[in-house]
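Student: Structure provided below as structure tokens; questions to follow.
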Amino acid sequence: MLKSLAAVAALAAATGSILLVPGSANAKDAKGTKKWGPIPTATCKEWPSLTDVLLWQKETIPPGEGLQIGTDTIYHDKLVDPTGATVGYEDGRITVIQKRASDGHFIGWIEQTATIGKDEFKTSGLLDMTEVIFHGGTGHMFAVGTRGAYKGWVGDWTLKVEAPTVEPKIWQAHDTVNICKINR
């Protein structure tokens with residue numbers, strides 16, 4: 001077992017490994033060559049309170065009852081801000097790809113294209129559909145700006161299903177978008 005930083009550094013030098021020094025913002029290899037730049041900063045934009053209102057969906061369900069592996073849904077939603085104004089739209093698809101053995105929950109793969117004003121975002125990720133749809137859980141998706149002022153920005157798009165309050169009262173969720181430009 002190595003008991004000193006010098007021993008660790010010697011081992012790193014012998015193997016060509018990268019040496020991470022605790023408390024250092026910059027990684028260096030064993031020869032002292034800088035491998036990482038300074039810790040990046042970020043410029044971020046958040047839309048904390050969007051209501052995601054289902055306008056239409058087409059669902060393909062394999063033979064059987066209820067949600068199951070292979071259930072595939074395409075949908076079109078509108079995004080409404082807290083004042084009630086429509087600020088954008090989502091077009092997406094979610095497909096059930098797994099029934100988790102540990103708890104029987106259905107896991108879906110979701111992909112969306114969303115617009116907020118003149119800006120476009122692509123989102124994707126795995127959702128525990130049982131938790132999100134039936135138990136009030138929050139789903140998280142990776143988001144990236146693909147057009148407009150936020151092109152190239154990355155972040156998180158969350159959704160939480162809620163009781164419908166905005167017409168048409170079919171299905172809706174509370175969405176929060178947090179997207180950042182990483183400054184190096």
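In case you wondered, yes, glycine gets a Cβ from its N, Cα and C as well.
Pasting the feature list from TrEMBL:
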- 1-27: signal peptide (SIGNAL)
- 61-164: domain 'Allene oxide cyclase barrel-like' (DOMAIN)
Student: Report the DSSP secondary-structure composition of the domain 'Allene oxide cyclase barrel-like' (61-164) as helix, strand and coil residue counts.
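Tutor: Breakdown, helix to coil: 6 helix, 63 strand, 35 coil.
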Student: What is the average pLDDT across the domain 'Allene oxide cyclase barrel-like' (61-164)?
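Tutor: Mean pLDDT for the domain 'Allene oxide cyclase barrel-like' (61-164): 94.
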